[in-house]
């Protein structure tokens, strides 16, 4: 067989699938939003992923369709499947990564731990929920939110009025008193085989992932067991294929709650490129092709991944390589081939080793070379 | 800067530079012999590397020119340099990888240990050398030899006559009584920075590399010191830029002799993709761009690389992935996207771990899945 994986969306997640595909000798094709996207090396078609004819033409050139993002509309996904296209993850699973209200309902039905939440359609419901939760809560739009967008802290319905113009129903949740955020990455193939990487700690800045520590410190035992149990229940319960990231809150009172789901390789798993026997990108390709999954053991006692946010505003990342490589010869540098812009994810660095303080220092110092 | 590396030749060595280039955000362009070569993903031009206009047109599109092989003619390399093209390694260095007689003369002048050798132009000289060396010797054509071609064992001038039709002078060497073959990989950038990977043991079958063990067993101490010393002397003495592989003989009487040189990433370094902090392919890109070099520490106590020679004659490597991945979930599989053919290098596998017997078993078992 000459296997060909088609990726809808040309961002850095699609880009980072390319090295894994080249090493495995698997063809990869990308439907890009433009010809200069991050995954430009593999773009075979440029077009709108919301246009059925565009996506059908792309799907006809590949053996399986997967994704760089979760924004492909449900009706289009359903039509692809109705026409026999292998879509992984499938529409039934992606639904819960696209709609946070449906996700909360489904996870609650599965008996999984989630923050106290409610579907609200009126100002009165918001005011009552806020009053019942100490005067503040988290309001979310059911769809279209990512990297902090579509999420806001509210103290009453006055903070929410504008969103009712766009959505009939909103999701309101308790403002969880969490001590830290964790992420559990899991991969599942259509045959049902699943593998887990160690649970990691993620550090957010302005709603964007800034740093990941693998494994999460002080997670051995109960925390990692609970995180693994939750991720396996979500992957199996929702019938996810490919890589799934379950974002978690660890609370002051010792609970582990599901925050968000991502059904694709995820920022919290970038460390696996350099730090795991099988990277999340190779694993995603294996999973969507229903191939046996690879081992997920860590290459180092500790791995720390730091995002390069913004990047040098006076040039490109490679402009800084002479100084950065000289300063940190053991750190792995990853550039997404994107034009630097304040706050934009343009690359990441990963360090590994036996001493967490040293590893974190080297990763942060390497990333700082691109400020 | 938007850095662009141009690679002349589209074989698997060029192919394996692609993942490193994508991760670093460095553009890579390949001048391929055809549009379906192993490095097809990066082919920007198809043409004959022996044609000056073809190569000049290609060189005009990149910042630095490097190579998948050493067959680009000297006059063409000289012309490129005369026109200001950055050629790495340069013509002065490549000369010694292209002509084995010049290589032996130069290494001897540098005082490096080589087998007893002689430049021969007549049948009488061959017969005398053979008689002086116990009735057998190794005869080599100065140019055009690789993977066992251009090399033969001779017992007298009768075995050599046909080669004099093509070459005025031949290289004759003592048939070294070696206990094993080693390879020392080194990288050097134009600024003169050099880094060494551990010396490895290479196992040849019919003149083709079949297996590599890193580090070479029982090499700690003298053997690794001597191998390192030789490689640094060659890299510096010949002014090599990029990755250099020095193939060595370890003799029954304890000598370490230089066999061949390769001025490019080399089969003996494929294990570094999975087994070293910096792979030889990333290091080659860093070196030809005169960027600081990366650390070369090993990720595992032992790495074993086994070539997939020939491959399944009834299909492609991915056809065997379901069985191979299931049997060896911890082994890293690499396919070169080439059509299987008896004896052809179509891929390789690498295993790593603490126990050499176990690591070697897993690597060999994984490669055997493609018989």
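Each position is counted from 1, following the chain as shown.
Backbone N, Cα and C define each Cβ position, glycine as well.
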Record-annotated ATP site (TrEMBL): member among B:100, B:149 besides B:140, B:173, B:174, B:175, B:176, B:181, B:259, B:260: B:100
Where residue B:175 (ATP binding site) sits in the secondary structure, as DSSP reduces it to three classes: coil
Per DSSP, three-state class assigned to residue B:100 (ATP binding site): helix
PLDDT averaged over the residues of the domain 'ATP-grasp' (B:104-289): 95
C-beta crowding around residue B:181 (ATP binding site), within 10 angstroms: 20
Three-state secondary structure, which DSSP defines for residue B:260 (ATP binding site): strand
Binding-site residues (B:173, B:175, B:260), the one with most neighbouring Cβ atoms at 10 Å: B:173
